[in-house]
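Here's what TrEMBL has on this protein:
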{"type": "ACT_SITE", "residues": "A:104", "note": "active site, nucleophile"}
{"type": "ACT_SITE", "residues": "A:220", "note": "active site, charge relay system"}
{"type": "ACT_SITE", "residues": "A:290", "note": "active site, charge relay system"}
{"type": "DOMAIN", "residues": "A:5-124", "note": "domain 'LD-carboxypeptidase N-terminal'"}
{"type": "DOMAIN", "residues": "A:191-305", "note": "domain 'LD-carboxypeptidase C-terminal'"}
């Protein structure tokens with residue numbers, strides 16, 4: 001289905017222009033019309049333009065009349081802009097059918113928007129790392145992107161076992177016993193929210209942190225040592241966030257380096273620590289994060305979660 | 001003055017036992033009696049013993065009857081223990097004359113204790129990195145440690161100019177104009193608090209974050225890229241912490257690596273961003289952090305701050 005996709009840069013400067021162009025070409029090959037924001041390739045220090053430039057780009061994306069507003073890349077930059085983003089304007093554009101897609105630094109935007117307006121956005125690929133890869137982009141990611149565009153395939157399933165098709169990466173739960181620890185259960189009509197753990201916890205204690213009760217919280221991160229991941233999880237724990245959730249779903253935690261000092265401390269022990277620290281079930285292995293194979297997830301949408309010994313299934317209504 | 005110093009390990013496992021022993025010898029050479037906690041060299045994963053072991057060590061330190069309880073090292077581990085630390089017991093021991101000294105991960109303990117009881121502890125060296133260095137430990141650090149022991153020299157001064165004697169490290173304000181931007185002013189009777197930026201912000205939104213109004217907040221960090229430092233500062237900003245402070249004092253931010261992607265973004269631009277974002281004066285260059293030359297600072301103590309074109313002076317009453 002041909003869609004109109006608006007590419008803009010709210011965070012880091014695009015350095016890999018080859019991947020950027022490849023991504024645009026790929027979207028065009030898939031049959032879409034692509035418009036590139038005038039400042040998508042602007043650079044100021046490490047940012048895609050100064051604060052005013054990136055802010056204007058976000059608001060232009062909202063005004064674009066496009067079907068999808070897709071970030072060029074993540075990085076760092078959205079946190080600085082939060083006080084000046086016109087969230088009501090963004091929410092209105094979403095009401096009219098615009099779907100914002102992104103991840104990583106974009107978690108700041110998505111969480112703040114959810115906190116301020118309740119509007120739904122999509123946790124999913126950025127242009128460069130998603131569609132601009134060398135060779136063919138990941139099949140599952142593209143299929144999920146297409147599902148989002150069509151409003152079909154309203155859910156995402158994955159296996160709780162370790163050798164899941166979608167598990168192309170290190171898994172937070174390395175112990176298969178551990179993975180199956182939660183048994184079978186069903187959760188209905190819970191708000192799905194979350195994203196990048198570091199970016200999300202950076203909003204704790206601020207007006208931009210969503211106050212979601214009875215939700216399903218999903219988390220991923222990249223290049224964060226397990227002890228840092230655990231330290232951030234303690235913050236969510238002590239802030240009372242976990243006790244307000246019906247389930248916690250851990251995605252992919254990748255690209256960190258263990259050291260000889262760790263001596264058995266790893267993502268697996270972090271997962272075990274979390275399980276004994278909170279009452280809500282902790283699922284692992286969600287194919288989402290800084291990996292090629294990932295699903296798209298509607299942040300803020302009412303979602304059902306069904307878990308049994310074979311796997312887990314998230315199902316949302318039409319977004 | 002001969003004092004009784006208790007060494008214990010609330011955080012990371014001690015791997016550098018040579019530095020540990022050198023540190024003890026140095027304290028003995030300075031005339032002190034040193035007692036080493038039974039689990040000071042215990043190791044479990046990356047921790048100095050499991051949670052129960054480290055928790056017991058903290059409470060033994062409180063019961064020791066020593067003049068000073070000095071951590072062996074920082075690392076990571078205190079955050080996990082916070083719900084089980086008996087803060088009233090710790091505060092009672094402090095009332096009876098025990099002085100807790102430490103830094104880095106110890107910021108979690110110090111901040112939580114301040115939040116829960118108002119008790120004062122010292123931001124200062126750990127045994128290994130402070131007294132256990134090869135050669136002679138830093139003169140200024142040892143003089144400040146001695147001042148603390150004697151209850152003399154109740155303050156710390158430093159130059160605001162770039163080539164301060166104490167500035168052995170990268171300075172967050174690289175622009176001399178910037179450094180002098182705050183002019184002359186005096187602040188009286190404000191609570192001095194703070195420590196490691198990462199550890200402190202990890203407590204935001206939790207019951208362990210001190211709610212200090214009209215305070216002087218000091219911050220340092222190590223191995224955190226300027227963009228990460230800035231992101232953490234945005235959290236303090238949006239949480240309303242800065243607007244409740246009379247001054248912000250930046251110590252040393254060290255051991256990070258800029259990349260070609262940064263293109264002029266650095267600790268200096270972070271300092272500039274902070275100055276325009278908050279009303280309180282931002283001082284720089286405090287000789288405190290993950291550096292050899294550092295002062296000891298009483299976390300939670302009523303403090304005066306006097307600043308003119310030549311430098312800054314923190315003065316606290318007898319702690």
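These residue numbers are counts, starting from 1, taken along the chain as shown.
Note: Cβ is positioned from N, Cα and C throughout, glycine not excepted.
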Query raised in the report: Given the active-site residues A:104, A:220, A:290, and counting only Cβ atoms in the protein chains shown, which has the most within 10 Å of its Cβ?
Result: A:220
Query raised in the report: Taking just the CA atoms, what is the gap between residue A:220 (active site, charge relay system) and residue A:290 (active site, charge relay system) in Å?
Result: 8
Query raised in the report: Over the domain 'LD-carboxypeptidase C-terminal' (A:191-305), what is the model's average pLDDT?
Result: 97
Report task. Could you round the CA separation between residue A:104 (active site, nucleophile) and residue A:290 (active site, charge relay system) to a whole angstrom and send it over? Result -> 8
Query raised in the report: Per DSSP, how many helix, strand and coil residues does the domain 'LD-carboxypeptidase C-terminal' (A:191-305) have?
Result: 35 helix, 33 strand, 47 coil
